[in-house]
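Chemist: For reference, TrEMBL lists these features for the protein:
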- 25-110: domain 'Pyrroline-5-carboxylate reductase catalytic N-terminal' (DOMAIN)
- 209-231: transmembrane segment (TRANSMEM)
- 251-274: transmembrane segment (TRANSMEM)
- 252-386: domain 'Ferric oxidoreductase' (DOMAIN)
- 295-320: transmembrane segment (TRANSMEM)
- 350-370: transmembrane segment (TRANSMEM)
- 382-403: transmembrane segment (TRANSMEM)
- 423-445: transmembrane segment (TRANSMEM)
């Protein structure tokens with residue numbers, strides 16, 4: 001028995017018994033954010049201790065965590081997450097000895113910009129001068145923390161005056177599955193606190209443009225179609241505002257906004273050809289324009305989808321059914337039939353076919369712009385779809401509009417009050433984009449542009465003269 005006892009082997013690693021107990025992470029605040037953060041930390045292998053003013057009646061907490069007073073919790077941890085509102089920071093002044101040398105992560109936000117004269121993190125640093133305050137995790141919601149990072153909220157912004165404190169917080173965020181972006185010192189805290197208060201910052205310009213174009217073409221077509229008929233022909237066709245007029249505005253705005261997605265790329269190429277280099281920055285307005293091309297395209301797709309839905313309503317409209325029945329009855333009474341026009345049949349079939357193909361490519365562009373789809377594509381695949389197929393989409397949609405107009409531009413009745421119809425105005429920008437793009441695809445131009453984008457620079461004659469003189 002003694003020999004058997006001496007030969008007994010432990011199934012645990014030899015260094016496990018000697019390993020020090022892991023230092024817990026502390027969370028002040030047991031609300032939704034504190035609960036979700038604690039749960040996420042537990043799932044990542046951390047020990048979590050909550051600090052509460054009512055340790056015995058603080059509500060539900062993630063199983064496996066401990067709860068104690070603020071002082072005891074702060075004393076047991078080196079990293080403390082402050083998940084409470086700025087208005088409740090006052091009690092931290094009573095914990096100065098316990099918080100000295102600790103890393104405090106301020107995750108608070110405000111209800112509006114410039115609500116206080118200084119950022120919450122700066123106020124916290126002034127309140128607890130012996131601690132190292134790091135601003136971070138404030139751009140994440142409780143839902144994102146509880147369910148894990150996704151493409152929309154994968155980044156964690158940090159700022160602080162202590163590099164070691166930021167490194168500690170960065171390691172924790174990385175272990176939680178987030179990507180860390182260091183924004184510098186604590187003076188950047190106000191900028192980080194303003195991030196969650198921004199409402200669709202990248203969508204502002206596309207949405208404003210869409211609203212402006214919609215309003216302009218709505219009133220423009222209202223004057224040309226409805227008011228003109230009432231003044232010149234004494235006809236009340238105001239009922240056409242709801243469907244017919246809207247179904248003219250939507251495709252016009254969609255085509256213009258789609259062409260505006262590719263116009264900045266054409267302008268950038270012309271600038272590079274003019275400058276002879278790719279190393280000069282584009283103007284700020286062009287940079288901002290190129291950054292919101294995805295949003296422009298998605299808004300354009302929304303207008304195109306509305307155009308498709310409104311078009312499907314045409315056969316069931318009362319006005320259309322009335323016109324078809326009246327025409328049929330009139331032909332029966334007059335004992336006549338309309339002759340089949342092959343040219344009109346070709347035009348209408350081509351018009352619908354090209355429109356369907358254009359909308360199908362439109363949908364493909366919209367689907368591949370989704371993060372879940374674009375992340376699965378290589379850069380070459382994504383560039384092929386968004387660039388080459390994008391221009392093909394613009395070509396089909398522009399051709400669809402040209403087939404719609406056909407030879408109407410030759411009829412004087414088309415120009416009501418000497419104004420061109422809306423579809424003519426919508427063709428200006430896409431036609432310019434396609435023509436310039438075709439010029440850029442010419443071998444002599446494309447070869448030069450490719451060399452410039454690969455790093456080649458055109459030598460300035462004046463620079464060449466100066467170099468020869470110096471030589």
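Even glycines carry a Cβ here, placed using N, Cα and C.
Nobody curates TrEMBL annotations by hand; they come from automatic prediction.
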Chemist: For the transmembrane segment (423-445) and the transmembrane segment (251-274), does the number of C-beta pairs under 8 Å, pairs 6 or more apart in sequence, reach 3 or more?
Modeler: yes
Chemist: What counts of helix, strand and coil residues does DSSP assign across the domain 'Ferric oxidoreductase' (252-386)?
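Modeler: Helix, strand, coil within the domain 'Ferric oxidoreductase' (252-386): 111 helix, 0 strand, 24 coil.
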Chemist: Return the average pLDDT for the domain 'Ferric oxidoreductase' (252-386) as a whole number.
Modeler: 91
